[in-house]
């Protein structure tokens, strides 16, 4: 600022302070605003800025472009709801309207203004418009309305999200408080077991089958969808309607979650880990007391599959026992009723002996172990050295001896619990028929069902 300008300002200041009170009355120069310092003494009055560009902006805002302000020209503080730096933005002609060119206060400014209003305990008076007694809303009330509107917008967004979520007609939260319903849909005893699996999955690096993540559906409901497919073998359309998603998403979720459960439950906890006979003896049920060295009870189970294959493949899959195309697996059960081994699936025409020799179960047996099986398992000649086989006696000479009858009765009373374990496995109805699109995932599906069967309550009360 030059010396001349400084001198003018000082001179004007001296002149202003030397004037009597009556000569220093100030009135707002905004059209339709009658505020004067002798009437509304609580309002501040601002001079026009020295900067020409800023002065022109003020004149444009107050709608007096042709007006030339002098030293005594003032604009009252009512027109500055956001401070002097923002310029005059509130006028009688735009109250209650929103204009995009008006700058809005930041969150910090809102908090500071609210704190100021609370400290002052009052509202800023408005202008007198053409002698009317009506007062326009104060800056504090406008600010409170803005904050309330912001809260309402957030609440509206939250309700929209909840409404979007409600479009999913089925979720775990709807059944979690009913153990019997949880068991019906999932095959698991209660909600705590399902939540335990969700915890395991949440710590697992999920790699989605279709290379795109499912973000819309919570993980617990993705798990529920997978368990329902395993337990009830629901169709793709059924699941897509229940969970409000497309069929591709159902397939993406099912293959991804079932593969993760396979890695966590079977590979991590069961693969190549058949309990020793000494471990079995710590939980040996009464019916197995005559067979203390029993390491495992073997039996085969079959799963129906689609027959859309070549003739050579169909002949390999055809099971004379089931009368259709099936896949067959060897299941091993501990004396306490828990499934401890599951082989890969073989063609339905494969013999029990061939599966036993190829699946790898024999490599886990040790000398002194005993294997119990049905009479169809003629595997004595392929067992490792020192491993014995206990199967029902064959009927040879017309009738059984009393010793043979007692022996068969003991085996039957022991094996009935093993058969119950396999029947539990078959309650996962996807094993009744594996659709064609899931055939290459059949081994994982079977072993996940085996692992889930072991999470159910024990068959024998004495074991529980």
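Cβ atoms are placed via backbone N, Cα and C, with glycine included.
Feature coiled coil, per TrEMBL, maps to range 142-169 of the set 142-169, 170-197, 198-225. Looking at the stretches 79-98, 99-118, 119-138, the one that TrEMBL records under the feature region 'Disordered' is 119-138. Helix, strand and coil content of the domain 'THAP-type' (25-103), in residues and according to DSSP, is 16 helix, 9 strand, 54 coil.
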